[in-house]
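Features reported for this protein in Swiss-Prot:
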BINDING   Thr22, Gly23, Ser24, Ile25, Gly48, Asn51, Asn128, Glu130, Gly207  NADPH binding site
BINDING   Lys129, Ser153, Glu154, Ser178, His201, Ser214, Asn219, Lys220, Glu223  1-deoxy-D-xylulose 5-phosphate binding site
BINDING   Asp152, Glu154, Glu223  Mn(2+) binding site
Amino acid sequence: MTNPTSDGQPRGRLRVLVLGSTGSIGTQALQVIAANPDRFEVVGLAAGGANLDTLLRQRAETGVTNVAVADEHAARRAGDIPFCGPEAATRLVEETEADVVLNALVGALGLRPTLAALESGARLALANKESLIAGGPLVLAAAAPGQIVPVDSEHSALAQCLRGGTGDEVAKLVLTASGGPFRGWTAEELEHVTPEQAGAHPTWSMGPMNTLNSASLVNKGLELIETHLLFGIPYDRIEVVVHPQSIVHSMVTFVDGSTLAQASPPDMRLPISLALGWPHRVPGAAACCDFSTASSWEFEPLDNEVFPAVELARHAGQAGGCMTAIYNAANEEAAAAFLAGRVSFGAIVETIADVLHAADQWAPKFSETPANVDDVLDAQRWARQRAQRAVAQARPATASAKTPGVV
């Protein structure tokens, strides 16, 4: 690892390995790195292969030779790809010397690369929340204190605010949620949502899966679980509040009644830069709030009846074991079915609820702490199969969308 100088600044450039380089987080991370050549250098890239032209352009721009592509056909088309196949990203991590591994892969397939990064001793800049949620106890056991630095804006905000007090001074953590594009809609109106509508987030620019998860509030459920795992605060002391402007990213309330909040315009380059350079800040990483003009910041309670995903996540987290992996796997199956037009938007969370209920009733072993990665994968396979059955029985998607208030 790079050693700090006497003034607390990093000595030399940090070597960064970017997993998921062609996605939203990965491309923005490369922008941050390119803008700060005195601080960072890219030593490897990994991607699925769906955006092969983007990956090849990134390889040319960074000059790296260590590249991993999961899709073997895409790797053959690209030529000269040293790591290919389902385990390509994991092998890349194992065979590349890096100070920081940014895991921006999508889905629970990021678990093995996450564990490999922790095993290597590199700092893990974690955007792939699913690997922490699925791996839970395994990931925490593999991590040294402070080795995982979150990339999500909410958890980056919490990490910054928690500097303002000791652990025993924390009363509660407050996650903010924009409410997504369907804030204020009824459950009946949500039945008519189309994938196009669900893909239009009001404040953030994200990848398609994160955008859909934000619309269903599943993303906030995943972030609730991630908050507990990262900071060790019990679930009953983690709140979620709707903040439509997405300026305040999270808050920490302390035992004396004071609350610290982190505020900045919605721009992922800020938490990305902080995760890459932690604990040092990168000057000019993103724009700051402009207090010279009038503005309003609103906060309101989350409607858990219309959007039950957060409370389902709380239940899964409190149950422990592999239940959070089951929550995530069920969502991935149901979300894919919605995007394919096979089920309604509301069926996503209904499927998660069905799978969690079945796990509670028929598979109590899933609440036990997993002994290894295979235990997690077994739980995920069971959850996917159960979710597929639920999807097959769910209400089909409606043909057209409705806007609230329009008959």
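Cβ coordinates come from backbone N, Cα and C, glycine included.
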Does Asn128 (NADPH binding site) have same-chain partners at least 6 apart in sequence with Cβ under 8 Å from its own Cβ, and which are they?
Leu19, Gly20, Asn103, Ala104, Leu105, Val106, Gly107, Gly110, Pro113, Thr114
Using Cα coordinates, what distance in whole Å links Thr22 (NADPH binding site) and Asp152 (Mn(2+) binding site)?
17
Taking every protein chain in this structure into account, which of the binding-site residues Asp152, Glu154, Glu223 has the most other Cβ atoms within 10 Å of its Cβ?
Glu223
So which binding-site residues out of Ser24, Gly48, Asp152 end up within 10 angstroms of Glu223 (1-deoxy-D-xylulose 5-phosphate binding site), measuring C-alpha to C-alpha?
Asp152
Any idea which of the binding-site residues Ser24, Asn219 has the thinnest Cβ neighbourhood at 10 Å?
Ser24
Just counting, how many other CB atoms are there within 10 A of the CB of Lys129 (1-deoxy-D-xylulose 5-phosphate binding site)?
25
Among the binding-site residues listed here, Thr22, Gly48, which has the most company in the form of other Cβ atoms within 10 Å of its Cβ?
Thr22
